[in-house]
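What follows is one structure encoded as structure tokens, with my remarks underneath.
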Amino acid sequence: MFLPIKKYEIITELLLVKNQLGQVENIMILKMLVILQDITHFLKCWKLGISAEKLYVTIYHNDDESAIYWQKIANLSDERIIRIKTNDNFWSMGDIGPCGPCSEIFYDHGDHIKGGLPGTKDADGDRFIEIWNMVFMQFEQLGPNNRITLPKKSIDTGMGLEQDLMKVKAEGEAKFSYRVIADHLRASAFLIADGIIPSNEGRGYVLRRIMRRIDLMGDTYPELKRAENCISNILKQEELRFKVTLERGLKLLDAETINLSKGKQLSGEVAFKLYDTYGFPLDLIEDILKNKQIAVNVNDFNIKMQEQRERAKKSWFGSSESKADKIWFDIKSKVGSTEFLGYTLNEVDGRVLVLVKDNIFVDEIVTVDEQFILISNQTPFYGESGGQMGDIGNIQSINSKIKVINTIKYLGSIIAHICLLEEGKIEVGDNAHFKIDIKYRNNLKIHHSATHILHSVLHEVLGKHVIQKGSLVAHDHLRFDISYHTSLSKTEIILIEDKVNQIITNNYQVDITLMFADEAIEIGAIALFGEKYDNEVRVVSMGESINGKSYSLELCGGTHVNRTGDIGSFKIISENAIAVGVRRIEAVSSLTISKKELEKELMKLQIALLNLDIDQLEHKSTDILGIKLIYKVVQNLDNKVLRLAAEQLANKINNLVILYVNNSSNKLSITIAVSRDINNILNAGSLAKELSIFLGGTGGGGQNTIAQAGALFVLSACNMTKRSHPPCHEEAVIPVEECSLAADFERNVGDRVFFGYNKYDLSHDSKTLLCKQAAWLKAHPHVRATIEGHCDKRGTREYNLALGSRRANAVYEFLIHQGISANRLDTISYGKERPAVEGDNEMAYKQNRRAVTVNQSQ
């Protein structure tokens, strides 16, 4: 979304990618003009300087108003105004959001160039080239068959300067190919400079398609120079990655076309498999087969594609997520917005306007410990948004005591209190007193302000091309995701920490100013792409002013400290990759540091003690079929310690399997590592799963070289010699408490949550269940958990592993937010490798799109 600003227009770069990549009209860098607010002439404008005889325009089929203006202002005849019914001439953000009809201007190069008019079967030719487009943003789609008129209309309009200057002439095939390559490289450079990384989703997928199909512009576009190294590295990485994908896909393509002669067609089903499984775009398949004079059955391909879209749509509209989303539109139309008073007040009186339980409006809540949603007219509670977690606290009325366990902002202005009834009852219309947990809020402020400073320091140390890709501000840590092509060195991490801590030590004033968005952008404030901002925005500034600009200057609606010294101190605790070209930095501030540092030092000490004498351990190993086995029974250790210790041994000793069995009050967990030289014949994940099941657990998992799992049986058998398992007539001893806990968790709490197609955000129902999981884990502090992320069978293995990881992380972050220590939680992604239900149908897909919380004993 473009920022709604006071002036009439803003201009930005926009990449337009035509469907026919590789053709003359394939890509253009648009200068996009966005007309906003106070529009007196919504459609009327015309001054182009090109003969109308060379132009044709398209409009949406029922947009009579545009047709009248084209005739009246540009004197275009009816045959030059083409009405198109498809979505090519009606733009929308998706199922929900702003939308409106489009009108496009096409330039006619003449009949010596092949191609037909827009909307005809020959439209993909090069004769008619789009040089200008307009989207008349006048509606808002609220859901299926539910569209309203926007209170303020706007126009998105853009022209391709390069298209106006294009000179089409006959060229040899080689020159044409070079031009296409240069065209694609240029477009890729611009996208990467703007912080977009190749991926399987959204803008990243557009970039990946372009790259798979700079120097001259450096003076005109300085951002290319700033990001030169980053662009070069990402292009190289994507080239190597696609080489692997290409080799795999080409084997299948060769096998399918070996018996096809010239003039025959490759089936659409095979083409769709190449697209869906191997990431081959249709145009790439067509290009590869063109030299063999083999076509692709595009109609069958489109049918398969439409079937997949329909499955996704049915999955979405039939899910609890869609019901949960719909209710917020109902609430907004019913009560409007919630007034947030939390910038200056920690407690206020308010009135209960709406109560929701299980996505249904209710008049009262009377059951103690029942979770529900409360909407009031005003509140001091900050609703989770902009990366900052929501407040917790209490609400009290004459007849009730309520615990607020989370607060979330919906549709930009509705603040929803996620509550548990502790005493009495609460009714719609009741007056109540709202009070936040001040200590919790202060910790949120500390980590949010630290995040802003970190952002600016990253720009200084790594370069201005570093773009924020995501963030989390919690009460006990912060997480910051950036577009960066390589891991940070120890030197860079130390330098970043030092610079952040210097800003903190200088104890600068943190200033918050209200101003119009265009004024904020003009003075250099950072605005995040994709974020929606009001006309009037909060600008948070901190640090010494340099050339009239504060060191850190961002648009932000979150809460912050008064001075940088209030943050205390700053420490990076981890830095790792979470996706291709995206790095995640996790850090802590203030008093949290001492606790984290102590935990880290204790972990190092425990690992050192475990592996005190590696030579002696190797000497004591047991030989099984030529493979060394080292096993140890340990007491009451953190599983993270065991994991790191096992990995350390496996990296130092070849031909080795290491097994740690952790016994904590007769509650077991196992850690298995396999040295890399033998992991082609032994898989740590499979060994852990089998051993866990043998010991009464539910099976664990992990990577080829390291895995962990839980168990239930007591350890008496481990202390026995020359006996691999008890005789058949003996019963293994199972702790009654542990068995009942496992059964209680699975049956009465629930161990899994489900996701929509291609989604990893948590639904209201999922959050309700996870709150129960958190409460259960708090009641059983000795139990730790591994969160498994799973996907349905559609999509590539790599994509599903990444999606599974995001689903597991969503549950992980939610449980941490509910007060569960990160030290008790692990995550793992299985992608589509471990389906709960076999089958190629929607029922199986729904059951497999899940995250499972697997209990393990410490």
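Placed from the backbone N, Cα and C atoms, the Cβ positions cover glycine too.
The annotation Zn(2+) binding site is assigned in TrEMBL to His448, His452, Cys556, His560. In this structure, His452 (Zn(2+) binding site) is part of a helix by DSSP.
The coiled coil annotation in TrEMBL covers 588-620.
Under the heading domain 'Alanyl-transfer RNA synthetases family profile', TrEMBL lists 42-590.
The domain 'OmpA-like' annotation in TrEMBL covers 742-858.
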Over the domain 'Alanyl-transfer RNA synthetases family profile' (42-590), what does the predicted model average in pLDDT? 81
Note: in the chain of Cys556 (Zn(2+) binding site), residues six or more apart in sequence with C-beta under 8 angstroms of its C-beta are Gly386, His448, His452, Arg538, Val539, Val540
For His560 (Zn(2+) binding site), write down the residues of its own chain that are at least 6 apart in sequence and whose Cβ falls under 8 Å from its Cβ; none is a fine answer. Lys445, His448, Ser449, His452, Val510, Ile512, Val540
How does the domain 'OmpA-like' (742-858) divide up by DSSP, counting helix, then strand, then coil residues? 55 helix, 26 strand, 36 coil
Suppose the Zn(2+) site is His448, His452, Cys556, His560. Which further residues of the same chain have a Cβ inside 8 angstroms of that site's Cβ centroid? Gln388, Lys445, Ser449, Thr451, Val473, Val510, Val540, Glu554, Gly558, Thr559
DSSP secondary structure for Cys556 (Zn(2+) binding site), reduced to helix/strand/coil, please. coil
